[in-house]
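Trainee: Annotated transmembrane segment per Swiss-Prot: 3-23, 56-76, 80-100, 120-140, 152-172, 185-205, 224-244, 251-271, 276-296, 330-350, in sequence order.
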Amino acid sequence: MRGVLIAAMVALVVSLLGTPWVIRFFRRQGYGQEIREDGPSSHLTKRGTPTMGGTVIIVATLVGYFLAHLVTGIGFTASGLLVLLVMTGLGIVGFLDDYIKIRKQRSLGLTARMKFTGQAAVALAFGLLAVRFKNHAGLLPGSTYISIVRDTSLTVGIIGFPLLAWIIIAATSNAVNLTDGLDGLAAGTSAMVFGAYVVISFWQFGNLCEPGDSPAGCYAVRDPLDVALVAAAAMGACFGFLWWNASPAKIFMGDTGSLALGGAFASIAIVSRTELLLVVLGGLFVIETLSVMIQVAFFKATKKRVFNMAPIHHHFELAEWPETTVIIRFWIVSGLAVAFGLGLFYAEFLSHGNG
């Protein structure tokens, strides 16, 4: 528990104190956000706001994680390092996307094919590595079985697992990217989901199956304490960044942050065996993504729009909701989704006769 607290506090402090320095540096370099002309007119005033703030979130998470290990003397684990690999790898893809936007002064960076290739490379590397590195109990970071709150009997096989990992990682990172359209929305929502994974992973650690000792409801997962440590560091980093990203934002996380956060969620869900539970915990990300899918499909079929604009947070902006109202209400939705997801997780544990 001490390591989890250290990781969260160190990441919070690094992010909180490091972000102003990054804001000043990016302003001097002219690293400002380009704004879509077809978006809400109120967003045009945000043009030039420093972006690529996700670099702070990633660095703060890494510092929190590694310093917590240094202080506690706990060894590094395959699961924790793989989550950080995905987070950092997708952060690099997002950084390249943001950098191209800034250099070419346009709202679009990498081509869809280039971004797809980058996401696929990171996800497939994770998928191949996650089915290696058995521990003393014979457990791997990843599992070929599809999981809800723990592994089910449905398996995709050793060949299908990298593909499954790619789908989950790509879908989640793109979902967070779509949500990152209002000041503080993605950062605040991400902090909640990471907080949920601190609880889930630490609970798994306290109820871990051990060789020769597998009480009812125990969890056959590898390295849950280290996963909790990563989630705590990421949560602290998000909260520290949110201080400066809250409306009116002094800096945006950019694709650097949104892709990295999505990758972290997906990889944590995979190593904690909660792949489908992530759909509930990240309910707001799902709603935002579905709004885009519905809008595109309906427009192609009828040439009409369901929403004023997608993702759905822009629909409410164009319906003349103040931006802060949209953000706070969406945070409430996210909080309810996280609470419901944690309730499902605990209810499943109780169903094994642990009540």
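All positions are counted from 1 along the displayed chain.
Each residue, glycine too, has its Cβ placed from N, Cα and C.
What you are looking at is a predicted structure, and each value in this text was computed from that prediction instead of being measured.
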Trainee: Between the stretches 3-23, 120-140, 152-172, 251-271, 330-350, which wins on the count of C-beta pairs under 8 angstroms to the transmembrane segment (224-244)?
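Mentor: It is 3-23 that shares the most Cβ pairs under 8 Å with the transmembrane segment (224-244).
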Trainee: Cβ under 8 Å, sequence separation of at least 6 from the ends of the transmembrane segment (251-271): give me the contacting residues as numbers and ranges.
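Mentor: Distal contacts: 19, 22-23, 26, 33, 46, 49-55, 57-58, 61, 79, 82-83, 86-91, 93-95, 97-98, 109, 119, 122-123, 126, 130, 141-143, 147, 165, 168-169, 171-177, 179-180, 186-187, 190, 193-194, 197, 201, 221-223, 227, 230-231, 234, 238, 241, 244-245, 277-278, 282, 285.
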Trainee: Residues sitting near the transmembrane segment (152-172): Cβ under 8 Å, six or more positions beyond its termini, same chain?
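Mentor: Those are 86, 90, 116, 119-120, 122-124, 126-128, 130-131, 142-146, 262-263, 265-267, 269-270, 275, 278, 282, 285, 289, in sequence order.
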Trainee: List, by number or range, the same-chain residues at least 6 past the transmembrane segment (185-205) whose CB is under 8 A from its CB atoms?
Mentor: 1, 4, 8, 57, 176, 179, 219, 221, 224-225, 227-228, 231-232, 234-235, 238-239, 241-242, 245-246, 253, 257-258, 261, 264-265, 268, 272, 274, 281-282, 284-285, 313, 326-327, 330-331, 334-335, 338, 341-342, 345-346, 349
